[in-house]
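**Student:** Before we start, here is the structure in question, set down as C-alpha cells.
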Amino acid sequence: MEASSSGITNGKTKVFHPVAKDVNILFDELEAVSSPCKDDDSLLHPGNLTSTSDDASRLEAGGETVPERNKSNGLYFRDGKCRIDYILVYRKSNPQTEKREVFERNIRAEGLQMEKESSLINSDIIFVKLHAPWEVLGRYAEQMNVRMPFRRKIYYLPRRYKFMSRIDKQISRFRRWLPKKPMRLDKETLPDLEENDCYTAPFSQQRIHHFIIHNKETFFNNATRSRIVHHILQRIKYEEGKNKIGLNRLLTNGSYEAAFPLHEGSYRSKNSIRTHGAENHRHLLYECWASWGVWYKYQPLDLVRRYFGEKIGLYFAWLGWYTGMLFPAAFIGLFVFLYGVTTLDHSQVSKEVCQATDIIMCPVCDKYCPFMRLSDSCVYAKVTHLFDNGATVFFAVFMAVWATVFLEFWKRRRAVIAYDWDLIDWEEEEEEIRPQFEAKYSKKERMNPISGKPEPYQAFTDKCSRLIVSASGIFFMICVVIAAVFGIVIYRVVTVSTFAAFKWALIRNNSQVATTGTAVCINFCIIMLLNVLYEKVALLLTNLEQPRTESEWENSFTLKMFLFQFVNLNSSTFYIAFFLGRFTGHPGAYLRLINRWRLEECHPSGCLIDLCMQMGIIMVLKQTWNNFMELGYPLIQNWWTRRKVRQEHGSERKISFPQWEKDYNLQPMNAYGLFDEYLEMILQFGFTTIFVAAFPLAPLLALLNNIIEIRLDAYKFVTQWRRPLASRAKDIGIWYGILEGIGILSVITNAFVIAITSDFIPRLVYAYKYGPCAGQGEAGQKCMVGYVNASLSVFQISDFENRSEPESDGSEFSGTPLKYCRYRDYRDPPHSLVPYGYTLQFWHVLAARLAFIIVFEHLVFCIKHLISYLIPDLPKDLRDRMRREKYLIQEMMYEAELERLQKERKERKKNGKAHHNEWP
C-alpha cells in the first residue's frame, strides 16, 4: 500500500520468505561458550568502499534488475529482496559476547532474518541488519492489535435545507474571486495515505481476506514494521533468569552500542520534486515540511505521523495548533502597543512628566546619585505608556480567556486527530518494570492484579521516605534559586551607586537602566548555568524515588525539571514585578539589607519599564539560545564526524556509505525523548501568559519564534537525527495538566501586575476621587490633570541620614541649595502632625487595588469555567461519525463473513461434497 498509494517506486517485489522454526534454546553456560552461533561468520560481510562514479556507470550500463538496484541504496539485505527493518550496532572488542550470541540465536528463533556488516570507517563496529518476514509481521501484528485498513470509507453528505444551499452557492461564487489557499500543500505532491481514507480494524490472520492487501511487502509500512520488530526485541531473552530479557537492558549494559530503524534513503535529490516526484518519504518530508521555502504552509501531519509515529506527530500537531492560536493573541497585543503609540501625544500623564522641569526628584541611591528633574525621565514615561495604557486591562482579560479557549479547542482538535489516527480505542500496554526497580526490590514480590504474575514490590514506608527526601531536595534547589535572586538584588543595589559615579555621562545619567540591563544579562547567564545543575539534580532525585515504570519515571522527571526551570526563569521577574520598590521606606528612613545596602527604588516613571526590559531580554536571549542548541549543536557534531571521515579516507573520491552507516553517524534522539521540545514551548507559554499585562508584545515574539521553531524541529528530525522509533500516544501527557496550571497562575499574576505594578489603579482613583472630574463619573484625559503632582510626596533635604545625604546640594538647578525634593509615594509633608505618614489617598489606592484583584480574578475565572462548560471536548459531528463508523464496521464485517461462507458453500457444492452437518 505504501508504494502503490504514494506513487513512490521503490522496486519492491512480492517475495515470501520461510520462517525459521521455533526452537527451544537451553540457557546453559557451557553451551553458550562452546557453541557459538553458527551463522555469525557467514552473516558478517565486510563493508566495501564504493564511489558514486562507479554507481553511476553501473546504472548507465542498463540491464540492472530490481534486486541489484536495491543492493545499492542501503535499505535491503545483500540479496536486494529483504528490506531492513531494524539496525543493531555493537563493537567486536566489547566483552559482552556471550549475551549477544544468545540474544541473536533467540532473534532467529522468533523468525527474524539477520545479516551482519562491518563498518566502512571502523572495522571494530558491526551492524546487525534485521528483517521481519510476512508471517512474523502478521503474527505479532495480531498480538499487538495493530489496526489496518479493510474497507474504504463512505462519506454521507447531511441533508441541507434550500436556504443553506443558496447561501453555499453565493459563498462559492464569492470564493472564485479570491486567490487560492496559499497555505495548503499541493495535493499532487503529497501521497495518498490510504489508511486515512479507510475503516480500520485490529489485524487478524484468520480474517486476512477482509483487509486491503495489494502487496504483502508494503501492507505494513516501514514505521509499523520497525515497531513490531522493536516489540519482539524487547521480549527476547539474552541470559538465563527471570529478568534477563529485552533490548533495553542490553543497551544499558553496553552489549549493543545503538539500535534504530533506518531512514528511507536520502533527503536530497538531484531532480526537482515537481517534475520527477519524491524519491522517498524522507525526501518528501524535507521538501514539503522541513524546507524553509514552505514556512507559511500547513504541516503534512498525516505524513509526519506515518514516518515518525503518533507521539511525534501529536507534538507537531500541538505545536502547530499553539502557533495558529498565537495569531489572534499577537494581533491584539500589537494593537494594544499601537494604541499606546497613537495615544502617546494625548497622554496627560506623559505630558506632565515631560513638562515638569521645576519638580526636583530625590536621589535614588546613597551619596553618588544626584538630584534630577522629573522631566529627565520623559522618555521612560512615554515608553511606559506604550505598554501601560487603557487597553492593558482588556488585553489581560483577553489573554486569560485565550488560554482557556486554546486548551479547550486543543482537546477538540486532539479528539479529531485521535479519530483520524485510530487512537480512540487504543490503550497502552501494561508497561514493563524498570530494571533498576527490579534490581532494588527483587526480594519482595506480590501478585500483579492485572497480569496475575508475581512482580517486585516497594513497601509503602520506603516509598514515602524516598518521596520526602526528594521533596526536600526540590525545596533546597528552590532555595538555591532564591539565593541567586538575592545575589542579583545585591548586585543591583551596589552597582546603581557605581554607575551613578561613572565617568561616562551616558551611563551616569542612565544609571538605573544600565543597572537593570546588566542585571538581566547576568541573570540570564546564571539561569543557563543553573539549568545544567538542575538537570543532574532532577535525574538524581528521580532515580532516588525508584519509579516502577518508565512512564512514572518520565512524569516524575518532567515535573521536577519544569518546576526547577520555571522557578529559575521567572524568579527574578516575580521580584521585579511585585517586590522592586515596594519595601524601600522613604527618604530619611530607608530600609536596608543587612543594615548596609539601601534597597533599590523604581524609576521615577514607574517599575513597569524594568519588568518590560526583564521580559524582553530574557525572552529573546532564551529563544535564540534554544534555537542554536537545537540545530547548531547537531550540525556541528555531524560536520565534525564527516570531517574525520574525510581525513581518514582522503578526499580523492567521494565515498558512498550505505544507509545504515549514514544513520549511525547522525545524532541520536534526545535520551528524554520530546522532553526538551515540550519544555521549551511550555516555558514560552508561561512567559506569554503570566506577565503579558506588562509586555503585550510577548505573543508576537512567541509567534515569530514558533514559525521558525516548527521548521527547525522538522529539519532536525529529518536531516540531523537518527530516525526515532515510531511510538504511539493518545495525548501530550502530563504537559496538558501543566498548561492548565499555568493558565490559572496567569490570571492571578496579571491581576497583581495591573493592580500593583502598573499605575492603572492609582490613575483610576485619582480620576474619580481627587481629580478635576471627582464625583462626576468621568475618567478621560482631562480628568488626569494634576495627577503627577498628586502622586509625589515632599521631603525636606535636611532630614536625610548621614550615609544617605548626597554629595551635591542641588544648587545647579536654581543657584541656591535645595530645601525640598519629591519622591513617589502617598505621604504627608514634613511639617504635618505626623511627618511622612500615609495619606488618605494611599489607603484609597490600596483598597482599590485589593478590590480590583478580587473582582478581576473572580470575573475571569467565571468566564474561564463558563467557556470550559460551553465547549464540549468532542465535536458533535465527530461523535456522529464515530457512531456511524462503528455501525458500518459491524455491518461490513458481517457481510464479508457471510460472503466468505457462501463462497465456501458454493465451492463445496461444486466439488460434490455432502453437507449433512450443516445448519439450514
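Quick reminder: no glycine exception, Cβ is built from N, Cα and C everywhere.
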**Student:** According to TrEMBL, which listed range is transmembrane segment: 359-380, 513-534?
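**Tutor:** Spelled out, TrEMBL records transmembrane segment over residues 513-534, not the other listed ranges.
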**Student:** From 682-704, 843-865, which range did TrEMBL mark with transmembrane segment?
**Tutor:** 682-704
**Student:** Across the domain 'Anoctamin dimerisation' (76-301), what does the mean pLDDT come to, as a whole number?
**Tutor:** 80
**Student:** Determine whether the transmembrane segment (315-341) and the transmembrane segment (562-583) share at least three Cβ pairs under 8 Å, counting only pairs 6 or more apart in sequence.
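**Tutor:** The answer is no, given that the two segments have fewer than 3 Cβ pairs within the 8 Å cut-off.
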**Student:** What else in the chain is close to the transmembrane segment (562-583), if you only count residues 6 or more beyond its ends and a Cβ gap under 8 Å?
**Tutor:** 474, 477-478, 481-482, 484-485, 488-489, 520, 523, 527, 530-531, 534, 537-538, 591, 599-602, 607, 610-611, 614-615, 618, 622, 679, 682-683, 686-687, 690-691, 694, 738, 749, 752-753, 756-757, 824
**Student:** With a Cβ cut-off under 8 Å, give me the same-chain residues at least six positions beyond the ends of the transmembrane segment (682-704) that come close to it.
**Tutor:** 322-323, 326-327, 329-330, 332-334, 336-337, 387-388, 392-393, 395-396, 399-400, 402-403, 562, 565-566, 569-570, 573, 577, 608, 611-612, 615-616, 618-620, 622-623, 735, 738-739, 742-743, 745-746, 749-750, 753-754, 757-758
**Student:** Under an 8 Å Cβ to Cβ limit, what residues of the same chain, 6 or more beyond the ends of the transmembrane segment (732-756), are close to it?
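**Tutor:** The answer is 314-315, 318, 392-393, 396, 399-400, 403-404, 407, 414, 554-555, 558-559, 562, 577-578, 582, 611, 678, 682, 685-686, 689-694, 849-850, 852-853, 856-857, 860-861, 864.
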